[in-house]
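Q: These came from TrEMBL, pasted as-is:
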- K177: active site (ACT_SITE)
- 3-164: domain '6-phosphogluconate dehydrogenase NADP-binding' (DOMAIN)
- 175-294: domain '3-hydroxyisobutyrate dehydrogenase-like NAD-binding' (DOMAIN)
Amino acid sequence: MTRIGWYGLGSMGLAMATNLQRHLATKNAMNLIYSNRTMARGDPLKTLGATPETSFAKLVGQCGIIFTMVSNDSVLQQLITSAIGSGHSLRDKIFVDCSTVHPETVGLTVSKLREQQASFLAAPVFGGNPIAVDGKLVFAIAGPKKASEVVKPLIQDVMGRKVIDCGEDATKSSLLKIAGNIVTVNMMEAVGEAQVFAERTGLGTGPMEELISEAFGAVAGGYSKRLTTGAYAPPLESRPGFGVSLAIKDANHAFAMAKEHNVELPGLKVAHENMVAAREYAGECLDSSSMYGVLRQKAGMTFWNEKSRKE
Ligand SMILES: NC(=O)c1ccc[n+]([C@@H]2O[C@H](COP(=O)([O-])OP(=O)(O)OC[C@H]3O[C@@H](n4cnc5c(N)ncnc54)[C@H](OP(=O)(O)O)[C@@H]3O)[C@@H](O)[C@H]2O)c1
(Lines of atoms letter the chains of each structure in order from A and count residues from 1; the text may use other names and numbers.)
(Lines give C-alpha, C1' and ligand atoms only; values in the text may rest on other atoms or scores of the structure.)
Protein backbone atom coordinates (compact mmCIF):
# COMPACT_ATOMS: atom_id res chain seq x y z
CA MET A 1 0.00 0.00 0.00
CA THR A 2 1.23 3.48 -0.85
CA ARG A 3 1.64 5.89 2.03
CA ILE A 4 0.20 9.31 1.35
CA GLY A 5 1.79 12.60 2.40
CA TRP A 6 0.39 16.11 2.61
CA TYR A 7 2.19 19.46 2.79
CA GLY A 8 0.30 22.73 3.31
CA LEU A 9 -2.37 23.27 5.94
CA GLY A 10 -3.71 26.72 5.13
CA SER A 11 -7.31 27.76 4.69
CA MET A 12 -7.80 25.13 1.97
CA GLY A 13 -5.13 22.53 2.72
CA LEU A 14 -6.25 21.73 6.26
CA ALA A 15 -9.85 21.13 5.19
CA MET A 16 -8.77 18.98 2.23
CA ALA A 17 -6.26 16.93 4.23
CA THR A 18 -8.89 16.37 6.93
CA ASN A 19 -11.28 14.84 4.41
CA LEU A 20 -8.48 12.72 2.98
CA GLN A 21 -7.43 11.46 6.42
CA ARG A 22 -11.07 10.60 7.26
CA HIS A 23 -11.33 8.68 3.99
CA LEU A 24 -8.12 6.74 4.64
CA ALA A 25 -9.38 5.84 8.12
CA THR A 26 -12.65 4.45 6.71
CA LYS A 27 -10.62 2.28 4.29
CA ASN A 28 -8.30 1.08 7.08
CA ALA A 29 -5.46 2.46 4.97
CA MET A 30 -2.24 3.85 6.40
CA ASN A 31 -2.73 7.26 7.99
CA LEU A 32 -1.72 10.44 6.26
CA ILE A 33 1.68 11.92 7.05
CA TYR A 34 1.42 15.71 7.13
CA SER A 35 3.76 18.64 7.28
CA ASN A 36 3.38 22.40 7.33
CA ARG A 37 5.54 25.44 8.01
CA THR A 38 3.40 26.08 11.11
CA MET A 39 3.12 22.55 12.47
CA ALA A 40 0.47 23.42 15.09
CA ARG A 41 -2.03 23.93 12.26
CA GLY A 42 -2.01 20.14 11.94
CA ASP A 43 -3.23 19.41 15.48
CA PRO A 44 -6.81 18.62 14.34
CA LEU A 45 -5.34 16.15 11.81
CA LYS A 46 -3.24 14.50 14.49
CA THR A 47 -6.40 14.04 16.55
CA LEU A 48 -7.86 12.17 13.56
CA GLY A 49 -4.86 9.83 13.52
CA ALA A 50 -2.57 11.47 10.97
CA THR A 51 1.17 11.57 11.66
CA PRO A 52 3.12 14.84 11.87
CA GLU A 53 6.53 15.18 10.18
CA THR A 54 8.40 18.45 10.48
CA SER A 55 10.68 17.81 7.50
CA PHE A 56 9.18 17.79 4.02
CA ALA A 57 12.18 15.83 2.73
CA LYS A 58 11.56 13.10 5.31
CA LEU A 59 7.86 13.06 4.46
CA VAL A 60 8.75 12.54 0.81
CA GLY A 61 11.06 9.68 1.79
CA GLN A 62 8.17 7.85 3.47
CA CYS A 63 5.40 8.44 0.93
CA GLY A 64 4.55 7.28 -2.59
CA ILE A 65 1.96 10.01 -3.25
CA ILE A 66 2.66 13.53 -2.03
CA PHE A 67 0.02 16.27 -2.11
CA THR A 68 1.01 19.94 -1.82
CA MET A 69 -1.33 22.88 -1.21
CA VAL A 70 0.71 26.06 -0.72
CA SER A 71 0.43 29.79 -1.39
CA ASN A 72 2.34 30.31 -4.56
CA ASP A 73 4.88 29.28 -7.19
CA SER A 74 8.00 29.99 -5.16
CA VAL A 75 6.85 27.88 -2.18
CA LEU A 76 6.08 24.96 -4.51
CA GLN A 77 9.48 25.33 -6.17
CA GLN A 78 11.25 25.37 -2.78
CA LEU A 79 9.47 22.15 -1.81
CA ILE A 80 10.37 20.38 -5.05
CA THR A 81 13.99 21.51 -4.71
CA SER A 82 14.13 20.15 -1.16
CA ALA A 83 12.58 16.83 -2.28
CA ILE A 84 15.14 16.48 -5.07
CA GLY A 85 17.99 17.51 -2.79
CA SER A 86 16.91 15.14 -0.02
CA GLY A 87 18.93 12.20 -1.27
CA HIS A 88 15.83 9.94 -1.25
CA SER A 89 15.04 8.20 -4.51
CA LEU A 90 11.96 9.82 -6.07
CA ARG A 91 11.53 7.01 -8.58
CA ASP A 92 7.82 6.21 -9.21
CA LYS A 93 6.62 8.74 -6.65
CA ILE A 94 3.61 10.86 -7.62
CA PHE A 95 3.56 14.54 -6.65
CA VAL A 96 0.13 16.19 -6.77
CA ASP A 97 0.03 19.95 -6.46
CA CYS A 98 -3.37 21.53 -5.74
CA SER A 99 -2.12 25.13 -5.41
CA THR A 100 -2.79 27.81 -8.02
CA VAL A 101 0.47 28.33 -9.89
CA HIS A 102 1.53 29.57 -13.33
CA PRO A 103 1.60 26.94 -16.10
CA GLU A 104 5.30 27.75 -16.60
CA THR A 105 5.99 26.69 -12.99
CA VAL A 106 4.11 23.47 -13.69
CA GLY A 107 6.17 22.84 -16.84
CA LEU A 108 9.44 23.37 -14.95
CA THR A 109 8.33 21.10 -12.12
CA VAL A 110 7.31 18.36 -14.54
CA SER A 111 10.77 18.42 -16.16
CA LYS A 112 12.64 18.41 -12.84
CA LEU A 113 10.63 15.48 -11.50
CA ARG A 114 10.77 13.56 -14.77
CA GLU A 115 14.58 13.60 -14.45
CA GLN A 116 14.06 11.83 -11.10
CA GLN A 117 11.63 9.33 -12.70
CA ALA A 118 8.78 10.80 -10.64
CA SER A 119 5.41 12.02 -11.93
CA PHE A 120 3.78 15.38 -11.38
CA LEU A 121 0.05 16.05 -11.51
CA ALA A 122 -1.30 19.60 -11.45
CA ALA A 123 -4.64 19.39 -9.64
CA PRO A 124 -5.80 22.93 -8.78
CA VAL A 125 -9.19 23.41 -7.16
CA PHE A 126 -12.26 25.61 -7.50
CA GLY A 127 -14.32 26.58 -4.44
CA GLY A 128 -13.50 28.23 -1.13
CA ASN A 129 -12.92 26.94 2.40
CA PRO A 130 -16.55 26.00 3.23
CA ILE A 131 -16.70 23.92 0.04
CA ALA A 132 -13.36 22.32 0.89
CA VAL A 133 -14.72 21.48 4.36
CA ASP A 134 -17.73 19.80 2.71
CA GLY A 135 -15.46 17.83 0.35
CA LYS A 136 -17.25 19.36 -2.64
CA LEU A 137 -14.44 21.12 -4.50
CA VAL A 138 -14.12 20.99 -8.27
CA PHE A 139 -10.67 19.72 -9.27
CA ALA A 140 -8.96 20.14 -12.62
CA ILE A 141 -6.34 17.44 -13.06
CA ALA A 142 -3.66 16.96 -15.68
CA GLY A 143 -0.51 14.88 -16.02
CA PRO A 144 0.48 11.30 -16.82
CA LYS A 145 -2.64 9.14 -17.22
CA LYS A 146 -1.30 6.32 -15.10
CA ALA A 147 -0.67 8.67 -12.18
CA SER A 148 -4.07 10.40 -12.61
CA GLU A 149 -5.85 7.07 -12.42
CA VAL A 150 -4.08 6.28 -9.13
CA VAL A 151 -4.90 9.65 -7.60
CA LYS A 152 -8.49 10.26 -8.79
CA PRO A 153 -10.07 7.88 -6.21
CA LEU A 154 -8.39 9.93 -3.48
CA ILE A 155 -10.15 13.02 -4.81
CA GLN A 156 -13.57 12.06 -6.17
CA ASP A 157 -16.19 12.06 -3.37
CA VAL A 158 -13.38 12.50 -0.84
CA MET A 159 -12.16 16.06 -1.35
CA GLY A 160 -14.11 16.93 -4.48
CA ARG A 161 -17.48 16.55 -6.16
CA LYS A 162 -16.06 16.70 -9.67
CA VAL A 163 -12.73 16.04 -11.36
CA ILE A 164 -12.23 17.72 -14.73
CA ASP A 165 -9.59 15.73 -16.62
CA CYS A 166 -7.47 18.09 -18.71
CA GLY A 167 -5.32 15.35 -20.24
CA GLU A 168 -1.66 14.44 -20.02
CA ASP A 169 -0.14 17.93 -20.35
CA ALA A 170 0.02 19.11 -16.72
CA THR A 171 0.13 22.78 -17.71
CA LYS A 172 -3.46 22.58 -19.00
CA SER A 173 -5.17 22.23 -15.62
CA SER A 174 -3.15 25.13 -14.28
CA LEU A 175 -4.22 27.17 -17.32
CA LEU A 176 -7.86 26.30 -16.61
CA LYS A 177 -7.45 27.42 -12.99
CA ILE A 178 -5.98 30.78 -14.01
CA ALA A 179 -8.82 31.23 -16.53
CA GLY A 180 -11.42 30.26 -13.91
CA ASN A 181 -10.10 32.87 -11.51
CA ILE A 182 -10.72 35.58 -14.12
CA VAL A 183 -14.40 34.75 -13.58
CA THR A 184 -14.06 34.52 -9.78
CA VAL A 185 -12.41 37.90 -9.34
CA ASN A 186 -14.71 39.66 -11.83
CA MET A 187 -17.71 38.19 -10.03
CA MET A 188 -16.45 39.43 -6.67
CA GLU A 189 -16.04 42.91 -8.15
CA ALA A 190 -19.56 42.78 -9.65
CA VAL A 191 -21.14 41.65 -6.36
CA GLY A 192 -19.20 44.34 -4.46
CA GLU A 193 -20.38 47.04 -6.86
CA ALA A 194 -24.00 45.87 -6.63
CA GLN A 195 -23.89 45.82 -2.82
CA VAL A 196 -22.43 49.34 -2.60
CA PHE A 197 -25.09 50.51 -5.06
CA ALA A 198 -27.81 48.82 -2.97
CA GLU A 199 -26.58 50.44 0.24
CA ARG A 200 -26.18 53.94 -1.19
CA THR A 201 -29.53 53.99 -3.02
CA GLY A 202 -31.40 52.89 0.10
CA LEU A 203 -32.40 49.55 -1.40
CA GLY A 204 -30.45 47.74 1.33
CA THR A 205 -27.97 44.87 1.27
CA GLY A 206 -30.53 42.27 2.48
CA PRO A 207 -32.84 42.24 -0.58
CA MET A 208 -29.77 42.57 -2.83
CA GLU A 209 -28.22 39.47 -1.24
CA GLU A 210 -31.46 37.53 -1.58
CA LEU A 211 -31.63 38.44 -5.26
CA ILE A 212 -27.96 37.65 -5.89
CA SER A 213 -28.31 34.21 -4.26
CA GLU A 214 -31.60 33.37 -6.01
CA ALA A 215 -30.88 34.72 -9.47
CA PHE A 216 -27.12 34.24 -9.81
CA GLY A 217 -26.55 31.14 -7.72
CA ALA A 218 -24.84 29.98 -4.58
CA VAL A 219 -21.34 31.08 -5.60
CA ALA A 220 -22.38 34.70 -6.18
CA GLY A 221 -24.52 34.51 -3.01
CA GLY A 222 -21.47 33.31 -1.08
CA TYR A 223 -19.44 36.27 -2.33
CA SER A 224 -22.21 38.60 -1.13
CA LYS A 225 -22.15 36.95 2.31
CA ARG A 226 -18.40 37.62 2.57
CA LEU A 227 -19.35 41.32 2.41
CA THR A 228 -22.44 41.37 4.61
CA THR A 229 -20.85 39.19 7.32
CA GLY A 230 -17.69 41.32 7.30
CA ALA A 231 -15.52 38.36 6.19
CA TYR A 232 -13.94 40.57 3.50
CA ALA A 233 -11.98 42.20 6.36
CA PRO A 234 -11.71 39.56 9.09
CA PRO A 235 -10.14 40.16 12.53
CA LEU A 236 -6.38 40.79 12.44
CA GLU A 237 -4.31 37.63 12.93
CA SER A 238 -7.12 35.44 11.56
CA ARG A 239 -6.70 33.59 8.27
CA PRO A 240 -8.83 35.05 5.47
CA GLY A 241 -10.94 32.59 3.40
CA PHE A 242 -9.08 33.44 0.17
CA GLY A 243 -6.29 35.89 0.98
CA VAL A 244 -6.19 39.05 -1.14
CA SER A 245 -2.53 38.47 -2.05
CA LEU A 246 -3.39 35.03 -3.43
CA ALA A 247 -6.05 36.55 -5.71
CA ILE A 248 -3.62 39.30 -6.79
CA LYS A 249 -1.06 36.58 -7.64
CA ASP A 250 -3.68 34.74 -9.73
CA ALA A 251 -4.67 37.92 -11.56
CA ASN A 252 -1.00 38.67 -12.27
CA HIS A 253 -0.57 35.19 -13.76
CA ALA A 254 -3.61 35.85 -15.97
CA PHE A 255 -2.25 39.25 -17.10
CA ALA A 256 1.14 37.74 -17.96
CA MET A 257 -0.46 35.06 -20.10
CA ALA A 258 -3.00 37.45 -21.65
CA LYS A 259 -0.18 39.79 -22.71
CA GLU A 260 1.67 36.93 -24.38
CA HIS A 261 -1.45 36.06 -26.37
CA ASN A 262 -2.61 39.60 -27.09
CA VAL A 263 -5.77 39.28 -24.97
CA GLU A 264 -7.22 42.19 -23.00
CA LEU A 265 -8.70 41.66 -19.54
CA PRO A 266 -10.25 45.07 -18.73
CA GLY A 267 -12.68 43.81 -16.08
CA LEU A 268 -9.94 41.94 -14.26
CA LYS A 269 -7.78 45.08 -14.40
CA VAL A 270 -10.39 47.09 -12.48
CA ALA A 271 -10.81 44.35 -9.87
CA HIS A 272 -7.02 43.98 -9.55
CA GLU A 273 -6.54 47.73 -8.99
CA ASN A 274 -9.21 47.68 -6.29
CA MET A 275 -7.64 44.65 -4.56
CA VAL A 276 -4.22 46.31 -4.60
CA ALA A 277 -5.76 49.53 -3.18
CA ALA A 278 -7.54 47.50 -0.47
CA ARG A 279 -4.27 45.85 0.54
CA GLU A 280 -2.48 49.21 0.63
CA TYR A 281 -5.19 50.63 2.87
CA ALA A 282 -5.90 47.71 5.21
CA GLY A 283 -2.91 45.35 4.96
CA GLU A 284 -2.54 41.63 4.27
CA CYS A 285 -5.32 40.29 6.46
CA LEU A 286 -8.06 40.68 3.86
CA ASP A 287 -10.15 38.36 1.76
CA SER A 288 -10.03 38.63 -2.04
CA SER A 289 -13.53 40.19 -1.91
CA SER A 290 -12.04 43.23 -0.13
CA MET A 291 -12.23 45.33 -3.29
CA TYR A 292 -15.65 45.99 -1.72
CA GLY A 293 -13.98 48.17 0.95
CA VAL A 294 -12.44 50.33 -1.77
CA LEU A 295 -15.75 50.53 -3.65
CA ARG A 296 -17.33 51.69 -0.37
CA GLN A 297 -14.69 54.39 0.01
CA LYS A 298 -15.23 55.58 -3.56
CA ALA A 299 -18.94 55.93 -2.71
CA GLY A 300 -18.16 58.11 0.34
CA MET A 301 -18.42 55.37 3.00
CA THR A 302 -15.77 53.88 5.28
CA PHE A 303 -13.72 50.88 4.09
CA TRP A 304 -15.20 48.92 7.00
CA ASN A 305 -18.85 47.93 7.36
CA GLU A 306 -20.66 47.17 10.60
CA LYS A 307 -19.63 43.49 10.62
CA SER A 308 -16.00 43.79 9.50
CA ARG A 309 -13.03 44.63 11.67
CA LYS A 310 -12.65 48.37 12.10
CA GLU A 311 -8.97 49.14 11.48
N1 LIG B 1 -8.66 30.04 -0.35
C2 LIG B 1 -9.34 29.79 -1.44
O3 LIG B 1 -10.55 30.08 -1.53
C4 LIG B 1 -8.67 29.12 -2.60
C5 LIG B 1 -9.47 28.49 -3.56
C6 LIG B 1 -8.85 27.83 -4.62
C7 LIG B 1 -7.48 27.83 -4.74
N8 LIG B 1 -6.73 28.48 -3.80
C9 LIG B 1 -5.27 28.40 -3.97
O10 LIG B 1 -4.84 27.35 -3.11
C11 LIG B 1 -3.55 27.65 -2.55
C12 LIG B 1 -3.65 27.65 -1.03
O13 LIG B 1 -4.61 28.61 -0.64
P14 LIG B 1 -5.01 28.84 0.89
O15 LIG B 1 -6.17 29.76 0.87
O16 LIG B 1 -5.07 27.55 1.60
O17 LIG B 1 -3.72 29.66 1.37
P18 LIG B 1 -3.26 29.98 2.86
O19 LIG B 1 -4.35 29.83 3.82
O20 LIG B 1 -2.55 31.29 2.78
O21 LIG B 1 -2.19 28.81 3.17
C22 LIG B 1 -0.98 28.78 2.48
C23 LIG B 1 -0.18 27.54 2.82
O24 LIG B 1 1.15 27.70 2.29
C25 LIG B 1 2.10 27.67 3.38
N26 LIG B 1 3.20 28.63 3.13
C27 LIG B 1 3.11 29.94 2.82
N28 LIG B 1 4.33 30.47 2.64
C29 LIG B 1 5.22 29.48 2.89
C30 LIG B 1 6.63 29.40 2.89
N31 LIG B 1 7.39 30.47 2.60
N32 LIG B 1 7.21 28.21 3.16
C33 LIG B 1 6.46 27.12 3.45
N34 LIG B 1 5.10 27.13 3.48
C35 LIG B 1 4.49 28.30 3.20
C36 LIG B 1 1.30 28.09 4.60
O37 LIG B 1 1.96 27.68 5.77
P38 LIG B 1 1.56 28.32 7.21
O39 LIG B 1 0.32 27.57 7.65
O40 LIG B 1 2.74 28.09 8.05
O41 LIG B 1 1.27 29.79 6.96
C42 LIG B 1 0.01 27.33 4.34
O43 LIG B 1 0.17 25.97 4.59
C44 LIG B 1 -3.14 28.99 -3.15
O45 LIG B 1 -2.34 28.77 -4.28
C46 LIG B 1 -4.48 29.63 -3.54
O47 LIG B 1 -4.32 30.56 -4.59
C48 LIG B 1 -7.28 29.09 -2.73
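Note: Cβ is positioned from N, Cα and C throughout, glycine not excepted.
Those TrEMBL annotations? Automatic predictions, nothing curated.
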Q: Suppose we draw a 10 Å sphere around the Cβ of K177 (active site). How many other Cβ atoms does it contain, all chains included?
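A: Counting Cβ neighbours of K177 (active site) within 10 Å gives 27.
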Q: Looking at the domain '6-phosphogluconate dehydrogenase NADP-binding' (3-164) alone, can you tell me the average pLDDT?
A: 98
Q: From the DSSP assignment alone, can you count helix, strand and coil residues within the domain '3-hydroxyisobutyrate dehydrogenase-like NAD-binding' (175-294)?
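A: Looking at the domain '3-hydroxyisobutyrate dehydrogenase-like NAD-binding' (175-294) with DSSP, the answer is 92 helix, 2 strand, 26 coil.
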